[in-house]
Each structure stands twice: as C-alpha cells, then as structure tokens.
Ligand SMILES: [Zn+2]
Ligand SMILES: [Zn+2]
C-alpha cells in the first residue's frame, strides 16, 4: 500500500503523489472546506463586518439555496443572522471589558506599580537633595554647629603662658582658617 495523503479540511485521504495532491489542493471542494474550517474560527465581529459590506444574495434568501455556496460574492446572512452575530459581538465585548476591570491580578499590579513609582520618585528627590548639598559649599552655620567646644587640656591649666600650639582653637579661628586642598 502506497503512501496516502490525508486532508484534514476535507476529512478525506487519497494516494499521495504530486499530481493528485496538486489536483486536490487546487480543487473547488477543498477550497470550500478549508474556508469553512477557518470561518468556524473567524471572529464574529470580522464575519459581521464582511457580511454587512456584501449585498444580500437574493437567490439564497428566497430559496435557501445558492450554487455558489461559501464562495458567493453576496451575503447569505439574513437580518436575523446579522442581529444574532451583533449580539454575540456585543456580549464578547462586554465580557472583555468585565475581564479588564475585575481581574484581581491587574489591580494588584497597578497598586504595586504605583507604590513603586512613589518610592522611585522619593528616592530621586532625596538623591537630588543630597547631590545639591554635596555640590554647594557647606553653609557656615551648619559648619559652626559641627565644631566642638575645644577646652584647654586640664594638665595645661596650671601652665603659665602655654605655647600657642597647645591652646584650644576658637570657633572663629576654625571658621576663618584656610584649608589646604588635598588631592
Ligand atoms: Zn482537502
Ligand atoms: Zn449566494
């Protein structure tokens, strides 16, 4: 028994050779079956739009039959069919909206992102403050407050005229001192 080709669309198998395959795949019946298959998965909205753009097929609508079948250039949908499709489309849209609004995962993600945003913003502000403090000169008041009150060492209190290098510096002196830049 030779190899056989099975066509999913037509639910049919035949001897597999290039000629019969080509004949089948280019055949009208195969094209119709293939189209019918995809029509089943086509979005109702798309079908509705396509069909609404077509003129109604008088033959089909009056007799229920049309020799062109799915390939007919006119629409085989009755007004009821279209209304039904429109209902399905609306229903699907509503479902999609509800899904969008009520998904707990999304809500969680939103608040998480918001708190993350806040944190990032705060951090950026803090960093900007630190940076500007680093760049600018330290205000004298801040510096003055940071200077400890130096006292004369106790062991020197009894010394008459201690050498200047042993005297505690005053705040005034420290504030006006020239500092060498090391680098
Ligand atoms: Zn086929
Ligand atoms: Zn028709």
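The first residue you see is number 1, and the count goes up from there.
Heads up, the Cβ atoms here are built off N, Cα and C, so glycines get one too.
Where the annotation comes from TrEMBL, it is an automatic prediction and has not been curated.
Here TrEMBL flags 5-36 as domain 'Matrin-type'. For the domain 'Matrin-type' (5-36), the predicted model reports an average pLDDT of 90.
Sequence-remote contacts of a segment are chain residues at least 6 beyond its ends whose Cβ falls under 8 Å from one of its Cβ atoms, and for the domain 'C3H1-type' (51-79) they are 28, 31-32, 35-36, 39, 85. Marked as domain 'C3H1-type' by TrEMBL: 51-79.
Among the features that TrEMBL reports, zinc finger is placed at 51-79.
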